[in-house]
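Peer 1: Please read through the structure below; I'll follow up with questions.
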Amino acid sequence: MALLLRFLLLCGIVGFTRSLSITTPEQMIEKAKGETAYLPCKFTLSPEDQGPLDIEWLISPADNQKVDQVIILYSGDKIYDDYYPDLKGRVHFTSNDLKSGDASINVTNLQLSDIGTYQCKVKKAPGVANKKIQLVVLVKPSGTRCYVDGSEEIGSDFKLKCEPKEGSLPLQYEWQKLSDSQKMPTSWLAEMTLSVISVKNASSEYSGTYSCTVRNRVGSDQCLLRLNVVPPSNKAGLIAGAVIGTLLALVLIGLIIFCCHKKRREEKYEKEVHHDIREDVPPPKSRTSTARSYIGSNHSSLGSMSPSNMEGYSKTQYNQVPSEDFERTPQSPTLPPAKVAAPNLSRMGAIPVMIPAQSKDGSIV
């Protein structure tokens, strides 16, 4: 009987039904960065598939520099999702009962590094089946900036630019006028879908509010631009004002430098004069030496006087010694001046001098 069945199968008389099959077709999925990607994998079993159910998902990175790696595994009624560090905590089975025939997964918070080919493999002996899904992660346009490159003056040439900060290619652009007649100038129509519009010989009619919308396959972004075309400015006056302002600034800087230099010279001169004065001043004499010199001079004067004049001199001259030239020391009781006899004067070194007598009119007698 078994031989007959095998013969009928070989002859194609009896149809063959594959035991395990994945019904999800191979496909490519595009998602934006930061979103969640749903990767489907649904399968069917047959009564002949009696072995344990094993499900695994593998990734082939887009750079082709790494071998296929397991990212999540179901085996022995347990789930293992810590095989691939780059996707740890971001990949999960969507079904709580994998035996029901749904092995689909979700990949959350998509990153550019998640781009690659994902393979779903289902095993239940003797059946084995697998399918591949291509995942592409794109970046939505964002941070779009609109601005005018050039002078917004009547008769001038300038450019309207629309630049997104980030966004996966290819990008599509669309310009619109939101104010006034909302009709774009005829000369701009050929550039309405470009990122840059070149404006030639601008007129006041071009003034208004414009919008630029940037799109790709996963999202869009928009920016606004206010264009105000004005009459030409007085460039000669601006240039003259700039020149005058520059000259004034130079004069001010020169004055500051001059004042600083002058101040430094004065400070230097004051220091030199002060130093010279201190060098020229003689050291102060001690009070003791001053008193001694004063007394010595009086002694020499005593030697040139006669005995008849000594009494009056001793009463007056000794009392004229300045009190500030002596060190203040405890004073003993003052004694009356004593008369000096002629023999004592000789011993003291005095020299007798004869003083001629004079008459009242001044003539010598």
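Note: Cβ is positioned from N, Cα and C throughout, glycine not excepted.
As annotated in TrEMBL:
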SIGNAL    1-19  signal peptide
DOMAIN    33-134  domain 'Ig-like'
DOMAIN    141-228  domain 'Ig-like'
REGION    269-343  region 'Disordered'
COMPBIAS  269-282  compositional bias 'Basic and acidic residues'
COMPBIAS  286-322  compositional bias 'Polar residues'
Peer 1: Could you break down the residues of the domain 'Ig-like' (141-228) into DSSP helix, strand and coil, giving a count for each?
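Peer 2: Helix, strand and coil residues of the domain 'Ig-like' (141-228) number 9 helix, 42 strand, 37 coil.
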Peer 1: Average pLDDT across the domain 'Ig-like' (141-228)?
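Peer 2: In the predicted model, the domain 'Ig-like' (141-228) has a mean pLDDT of 93.
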